[in-house]
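Okay, so here's the structure we're looking at.
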Amino acid sequence: MPPPFDVQLIKSTTLLFRVNIFIYALIAFFVVLRMPGFIGLFGTSEEWSSGHFLRYIAPPRPQFKKSRSTLKRKGTKGSGKGGAGKMQRNDSTRTVVGDGREPKDEMEMIKDEEAVEQIYVRYPPRRHASTRKHYEEDEDYEGLSALQPYFPPTHVPSVPSSLRPLLSLSRLPLPFPPSSTRPYSLKQFCVVLSYCVILFYALMYRSNPFIDATRSGWVSTSQIPLVLGLGVKGNALGLGGLLGVGYERLNWGHRVVGRVVVFCANLHGVFYVYKWTATGTFTTAIARPKNVWGMILLIAINILWIFSTIGWRKGKGLGYRVFIWSHVLGAIVTIPAIYMHQPSLWLYALSSAGIWGLDRIIRMAKTRVAIAILTPSPLSTNPSPARSGTPARPGSCDVIHLTIPSLNTGWRAGQHVRLRVISPGVMGWFGSSEVHPFTIANAPVSSPSYPSASHHYSAPAGDEGLHLVIKKCGLWTGRLAELATSPHHSSYLSSTLEDGEEHLDTRTRVRVLIEGPYGGPGRLVFSSFSSVVLVCGGSGITFGLGMLSDLVKKDLAGECRVKSCELVWVVTGVKGGEVEGTIPRLVELAEVGRRQQRRRGGGGSRMEVKVNVFYTRAVTSQISLSGLLGRGDDEDEGEVDAKYYYRPIAIHPNVVISPGRPKLAKSLDYAITQACSLSHGSSGMESRMSDDFNRRHSNLNFMAGGPGPKGVAVGVCGPRELGEDVGRTVTGVDPARRERVGGIEIYEEVFGL
């Protein structure tokens, strides 16, 4: 008859194996439920193949069919061979609100009717002359032919229509855990409660952990593969890859399972330490090799837990570095210690090593070494130092624009990368070892190999490479700002001539290690919805910029179903490099959508772009509107006194700056109204092309729910309070109205997850 310990070991082995099979079967069930979203990605041009590896492709040259009518403008002579001449590479075709002078006639730069102006962003924003009057006069502009391919993406809702009320209910926040961390939603609480009940059964079934602690050791070890699966960033074996969500959205689960592992491991270890001490055999027992490895394993697990608490995890500088390195070294020690402590646990040790090792291999494959260009955005709107040829004083910027020309595709809108500056001697030893995540702020270049309209019609988004907007808010970003503005590290000062004004651009070249892309909306395809609302707070505008740029690009290509897109940006004030460097970009994107609507006959045939900027801090000084648009004071239309800033100010027909808090309910109501009223507003040609597309993809469209509105997508990126406000606003929508529009889905990125 086997000894009692071996009997207990056999019972624990069998029981925990069955319990883990049950847990993974539940996970597989939810993976299968989310499979329609994965299949739906194949109904898009590039969503299924993008978002994995960063790379460079040659931007496709736009090819345009002849318009049936000659491009002309009232009161303007056509430009022919003897006209104003052909468009040069350095000529700007962007349009921003200007300084009150007569704008250049853009039609003079068009060689013939086959050319078309391309209005797209270039970072950092330059100073160009134009006026509000230009937008009014441009109403007489005759557009391109409406005969453009229309290939809307397949829309796959997250849940069937019958379960939409449960989707809203699952978002309800609960008052725990404590306010120092983000509170759980109802669905997260249900998952945690179910998981704890299952493991409590595994721990207590025919066992007493206070008499025999073997079971608690098995429970702890058996959950280590799940901890790694919830925490890894770069492989499909991670639950994020299987469920179609980013690793950062599963961090809460990683922490919950990790605490269960720590609790059960300490229950196991403390029991034996107490037992050996009480019997006076501690010295003899601890000298055994298996017990030495057990003590090493217990210490490593506790170090992982201690240095992952919120004080270290949220700490800046040394605290965060200790958190990262303790996790890496702790994992390296823990995995082999499992097998050395108890060889019968080889299955859990091997699976943990496989998940962790494959994650490291794929993360290396997703890492690129590249040269990045840093361009500072000044603190104030006064550009006199640049015009005088004097570089900005070191550290005199609060926003840095980082561009990597050698990487221009491979990501999806809303994804982020992990950045490390490795140029020797510029960030210090510790600074060069720090890795920081930043959301990509522009759209990728479309692959010319895909036989879609994007090859022929898309504007050159991302042709300057991957772009990041980095706000100065800590030690590492502060050093990066000093590096960007320091004349000792500047690679060159490029002198340009724009609108008759000569100025200098300070640009610094650094070598960076960039890893990604990660995260993003996963299987939620924003371009497949009828309306989109993007809500951004502060530096969360990078998410809004990337998503809006991508939607505009797809709309130009005829690969976007969205009829109305509104971006709501909440900032504390309207002065500073972050706002002044972003407003011109938002104006340009709004103008692209506005012109495309007129060219295609209006009537909701294409996406309407609206931008609302809200500043919540009282204005205490005069503000230059021209400064917000990237021009100097000598081009100013005049400063506006603070007392007039109690009402909204339109700097573009579709861009409004307003004081106060955002009116989220009003924005959502407008999006629902537009989705319901414009879903059937497509032109006849669009309808025929869409019907042809649907017939060829009938195997995917069974999930789209038939004709009618395809729902509203709400994307939010900002502080926790902003995300909670958006959640309450969406939950408060009338259920009948929500069903009429086809459902409302939220994608949320909250600072400090």
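Heads up, the Cβ atoms here are built off N, Cα and C, so glycines get one too.
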Which range of 224-244, 350-370 is transmembrane segment, per TrEMBL | 224-244
For the transmembrane segment (294-312), could you work out the same-chain residues 6 or more beyond its ends whose Cβ comes under 8 Å from its Cβ atoms?
-> 180-181, 220, 255, 258-259, 261-262, 265-266, 269, 272, 286, 319-320, 322-323, 326-327, 330-331, 333-334, 337-338, 341-342
Arithmetic mean of per-residue pLDDT over the domain 'FAD-binding FR-type' (381-524) | 72
